[in-house]
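Student: Before we start, here is the structure in question, set down as structure tokens.
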Amino acid sequence: MGCSASVARPNDEKSAPATGQKNAGGGAATGNKPGAGGKGGWSGGKAGSNGSAAPEPTPAEETEEQWLAPDAGGANVPLQLPPHMPRGLRKFWTDCFATEVVTFDKFFDQVIQETEEQIPALADTARARIAERLRASGGSAGVLPPDEQLLRQLLRQVVLEMEPPGPGVNSRFSSADLNRLAHMCQAWAGPGAEPPKSMAGLLGAVVQGFEPRGLVVAEVGDMRAIAAGLAPTLLPGRVGAKAAAHYLAAFDPASRRRLIETYDGWVRKLPSEEGRRALLVYGGAGHGKSTAAAALASNPVLPYGAVAGAHFVRASDPRTCDPGLYVRTLVVQLAAAFPPLRPQLLMRVGGGGGEAAARAALGAEEVVERFLAVPLQKLESELRDAERPLVFIIDGLDEAGAAASGAGGGGGNPLLALIVNHLAKLPKAIRFVVFSRPEPDIVAGLDAAFGGAAGASVLPQYARPHMEDLGMLTDGALRHVLASPSLVAEGEALTEDTPLALDKERIPGVQAVLDKSAGAFAYLTRLKDGLRDRPRWTLADLTAFPAGLMPSYPHTFTQLVGAAGWDGSARGRAVRRALQVLLAAAEPPPIGILAAAWSLGHGGGADGAAAALAAPSATPRVARPEAAAEQTARLLLRHLGGLYVTWGGRVEPYHRSLHDWLTGRDAGATGEPAPPNAAFFVEAAPGHAALAAASVWLVAPDVARAAGLPELASAAAAAAAAALPAAGGVGGGGVGGGGATGHAAAAADVLAVEYALRYGVRHLVTVANGRKANEGASDTARAVLEKLLCADFGFWASVFRSGLAGAVLKDLQQLQPPASAGGGGGGAAAGGARGAAAAVPASPVTFADALRWLASHLPELSGARSTEEVVISAMGCPWGTAVYEAAARHWRAAAAAGGRPAWRLRAAVGVPRHWPAARQTLTGHTGYVTSAAWAPDGRLLATAGGEDRYLRLWDMAGAGGCTAAWQAHDRRTVAVGFNSEGRLLASAGEDPEVKVWAAPGGGLTTTLKGHTAAAKAVAWCPAEPHVLVTGSDDETGRVWDVRNGACTAVLKHGAAVSAVALSPDGRLAVTGGADYAVKVFITTSGDCTVTFSGHSHTVLAVAWHPQRRTCIASAGADRSILVWDTVTKSRVGAMEGHTETVRGLCWSPDGRLLASASNDTTVRVWDANSGSCASTLKGHTNAVLTVAWSAGGGLASGSADKSVRLWDPSAGKEELGMAQAHTDVVTGLAWSPDSTQLASSSGDGSVRLWDAAPGPGGGRCVKVLTGHSGRVRSVVWGATVQLLASGGDDSSVRLWDPKTGKNTNKLEAHSGAVNAVALSPDCGLVASGGTDSSVRVFDVELGGLSTATLRGQPATVRCVAWSPDAKQLAAASDDNCVRLWDLAKQACTETLMGHMGQVVAVAYSPSGEQLATASMDKSVRIWSVASGKCVATFENAHPDGSGVACLAWSPEGRLLASGGGDRLVRLWDVVGGGCVATIPAQGTMVAALAWSPNGRCLAAAAGKAIRWFDIYKPGEAVPEDAVPISAAVGGAASGGGAGGSPRLQQQGTFTRGGGAGSAGGVPPGGAGLQQAPTLLRRPNAEAYIGGGGDLPASLLQSPTLQRPGPGAGPGAGGGPGPYAISGSGGGAPPPPVLIQAPTLTRRPDASAYINGGGDVPQFTSQGTFPRRTML
């Protein structure tokens, strides 16, 4: 058949389109009937009885633009309306609307006009139904709205029940929605009913059948609480009645009456009867399984009871295959159908945000246990008394396996595993109807789970009722279109007035369709689509139409683009490009992303986008404008007709077989390949390139622009940016630091951005891996990925905020090494064969670092909301890695852009410079992890949970998530192992059964019984996948054939067997036992050939060398590892090193390394040749019980700490060799007066001195001071003389000479531990505070004479500090108070109260006018020393962790540094009033801070590490070789962000430099972590800190700073603010200003010490203090 010039698919409606549109033929005006004149549209020509067609232009004569452009009259291609939409509703839609989608309000206005006379009666009916429901539920409706408003609200409620939730749903209504609504009304009406044929009838059906849940029913609150508590609960459009209505829109529900009868007969039986727990319905491709499921799910008037819920699985929509979402959906639907379940669920979904987050993280099996199994067990009596059975329908179970394989996961069928291992164990009152293709794994698993379940096949060769159903459906379709052969003259033109065939005349036509369909319901759909332009069909038309579902597709595409295929015409190339994108889409794509992808590919042929990736342009190319692109996308979809449907803003194929045929994949369950389609074969690779480019533009426009990708229209980019919430934090808002923020965009834009975030990386990885097909595109995709991974932290903030990190990481781990387009997966995937240590060097360092970062930090980043949090996490990577350096560049760029200070890490001790050996930690077991085993391909890891009795499967091809878990045994599960094919999994338990499971589904296939005591070990034969060897406490090993469960040999060891292994060829088996012996047996006969003796205790592990069949390793409780040779029958090696029992052994795949697990909490890797320890892997906190090596080199271990760890074996030595500042946590820091040395104290009992001068020697330990007999808690360095003081748990204060390192004095200070020491500014006095609640003062010059004991603190004294004039001493204690002591009077003059937790740090400002305090209540407070009042509070200064731990003033007194449990250092401007910089100090809590006297360097101690940070003022050059660490947290003050951010609360005024001014600040309630408090600038202040102000240029040229005179402070009405400028200069910025510590002079009466001059002290010519004379 030929094609018309417009190739427009006409309406199925036999009347013409609305005014302004042309019919399918393009030649008839409104009112003319297609087929009666003009061209016939789809098939062309005048339709006569013989179906002949008039000549037409060939497709090659038109361009793509002409084909896709509106016609000359301005009208688009006629509407694509649902093919089975009732005729009256079709007429209503075409008469009222000229588009397929309208706003709901516009739709409702037309409904009111159409049904105006019936409105009062309909409203009365609705009120009556509401009242009826209220009486049943005991609720109250209140005041109902007027008639029209009530109906509007009601209809909107029903529409929302059908539509997927999401932005814009309330304002969008499509013709497909109207069609589904009509079929839902048909289902409400019951069997045999017809869908409403008019709007009045439809509205009447709605008010009669709707459920007013959202309007008045009291139980809606409970259901909403349950749904919110289990969120995410709903799968858009794939559950319940709304999904059923979608599938029934294309079929007559009555056509499946035979299956409904089968269902009725099954459900009437008691569930306890054999085979009545589940009804399994198997069928092939297109056989109507989904239609049958929908017919059951949507029919509330079945002969016996309705179903409780339904779930429709689609391989094209991975969300439907997620076990977590699936089981949550089941819970919510069962709660709606079974009210007694609701109170049980409400008890379990309460709690705050923390509990909600924990519930969201629960695995599917945990949700089943907590929210189904336990509650239903408590409701057994209610279940027995239920009026109707609780039946749950699952459609498309086979598609879950196809989706898992296609997504690059570990394979298997996660939903099948969930059903088999968990749902099948629910109370028998919960029953299932499962629809699937009869795949062997599914059939075996379901049979094992449900034990002889009832079956109902819809395969035509086996099921006559199925063909009867199809025959009824065909007859119903032909009834309205088949012409009567007896009443039509030969050659007569067929019109809508042509007489229809009689009942007996339709029989040949029905039989012809049945013969051609091969039982496929979808074939009838293709037939209707192919002949839809004909007003009447003939038997010749039915005979000529291709037979079979697959052969119908070439017929369809030949009609569309011509027999020459895609390359034969412009329209062919356009259709191919569209199909490439649709095939490449990872899930039903939103129309917005399709429009963008098709637009990017336009102009370059089918491979336009791929060419754009292959050859990026320096000059950005602009794609089609946004409006034109979306219009083009919709026109293409209309031309594709019924092949694709749009639902909820997403596009999907009408049937899975379409994509199978286009790509040449297997047709389905029959195993027959799809017919050849060479002319219409579609390759998805260009579609991946187009979707990748479009996704990058939508979520990371800066990266796309830098890569030279074709540019999207500005309107589209702006809409995408607006649809994506701002990431905030460092680098500005929006994605990629682009700064684009805005309100919510249209629903299509939101869906497009969501798709781009979720799948953009997957498409990029696919393009990058296709290097052989397109090298240029592959290289560009890798470059884009590198920028996304290490340069666009805003993108990752959006990913984490959307909860997509695990899925995106899984996609990233499929990235192949650049040297090969095939082979393994990502070089940095954690643990698996794809992520093996041996594979890491093959990948670029950038990718390896980034993947390692994401995998190791995934748990902490899962709650990240801002770019700052992501960057801070990246700063936790080892110093010098690609991710660390990228994060440092990000900080530096943000600092430069904001005119804020920058930082660099000058030196560090104890900071890792390499990745740790532990790659990833897997948690989930609640018992000891007793065994671990890898699947042969390294994609799955199986673990046994000991006391929790569970087996878990982990997806190591992805992010390491648990994909399946089930209770394997009734007692402890102790061993697990995969067979050589990876399809079977064996487990041993103390029950003492050995069980064999289908992997990865988890269905039980065999239970091996024979052992009489606990089974302890399993080992599969490498050569024969059905041979299994087990060991037991019954003193035997057994050889099994798992095909029949027979024991073929018994290995009599003579003592309890703890370990077994087989030789590479499977002929020999080795056992280790409690008799300290290792024995070798022949597996066929069970004869013992060799006995090795050498161990001095129980043998707990044996391992046979994978290459050498004569080499065996054994280990046990004697802590030794021995190597044996079975030929010489002697020991050939020994490995010593473990300090406790060795419990596990495993050879590396190449046999060069041997891994061992021990009770000493370590895993050791041994060199097999030398026997030396190659590395020691530390990380577990309890005994390591098992170790396993994957085929690709990934090493896993399981421990009694209930975790599984994945290791990089090569990193062990580097980790052990990493220098540490101390062997215990660092407790204190102090600088030397000349800023060249740093002292540190530690819990290891020592004080260390470090070279802290700039240069290559920085960070070198120069002295270690020992003498304390316990922890050293504090250290202080004299400000003017070479003197150190320290205090510790030995109750003493020690004085040290830092030059010699000698202890010059020991002061017995307290009766308990000394928590703090402080030297007076002139170093004449030392004060200490201790656990005895006292403060003591000693005179250094008098040999440590105690001059004062200050008592009055009611609790432990935590810290002490001297005022700069040495007249006052501040002490803080555990009563949350700070006391100020007058030393002359030895009396407390002031008690500062306000903190709500222990005060752990106090510090005087250099001027002495202010005192800073830090508390475990997470706040920092600034106090006026003169008035004793709090003048400023920084709430939540360190919101995470244990609060604020330490403080340090900068020497000039403007900045205050704080450190805390959130592992950050924050700098606060005490004048401006807020945080101006955040410095990541990764590790543990920042316990100590010290600012160098010259003001250049800030030292921070966290854990056992010390870091030195240099600070650079804005505009000051940062050395190129420096790694900048931090910058101010940017942006203006925010008043309503997430809680927990530091904020300033001004509580009065304080003075500076003699001038009183108002303390600036921001209002309380600050922003979340994305923005720390921003300082408000005073009008006359030239400060460089806060509010976006820059450092004055004059200040950059000034070599010195001077304090202004009295009254010149900020807020005093003039003057330059806190800094006055002296001197000038030009050229390069001067060296940093050195601000020396104060020099104090003694008054003649020696009664006090005073400041030597000015708030910024100046050195006098006097070098030292005059010494006192002894009295």
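Note that Cβ sites are derived from N, Cα and C of the backbone, with glycine treated the same way.
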Student: Identify the region 'Disordered' range according to TrEMBL, selecting from 160-183, 256-279, 1024-1047, 1648-1671.
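Tutor: It is 1648-1671 that TrEMBL annotates as region 'Disordered'.
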Student: If I take every residue in the repeat 'WD' (1177-1208) and average their pLDDT values, what number comes out?
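Tutor: In the predicted model, the repeat 'WD' (1177-1208) has a mean pLDDT of 92.
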Student: Looking only at the repeat 'WD' (1437-1478), how are its residues distributed among DSSP helix, strand and coil?
Tutor: 0 helix, 23 strand, 19 coil
Student: Counting by DSSP secondary structure, give me helix, strand and coil numbers for the repeat 'WD' (1177-1208).
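Tutor: In the repeat 'WD' (1177-1208), the DSSP-based counts are 0 helix, 18 strand, 14 coil.
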Student: Mind pulling out the one from 922-956, 1092-1134, 1219-1251, 1392-1433 with the most Cβ pairs under 8 angstroms to the repeat 'WD' (1177-1208)?
Tutor: 922-956
Student: List the helix, strand and coil residue totals of the repeat 'WD' (1008-1050) as derived from DSSP.
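Tutor: Split into helix, strand and coil, the repeat 'WD' (1008-1050) gives 0 helix, 24 strand, 19 coil.
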Student: Which residues of the chain, 6 or more past the ends of the repeat 'WD' (1219-1251), have a CB below 8 A from one of its CBs?
Tutor: 909-910, 1257-1266, 1268-1280, 1282, 1284, 1286, 1288, 1296, 1298, 1301, 1484, 1487-1494, 1496-1497, 1499-1506, 1508, 1634, 1636-1637
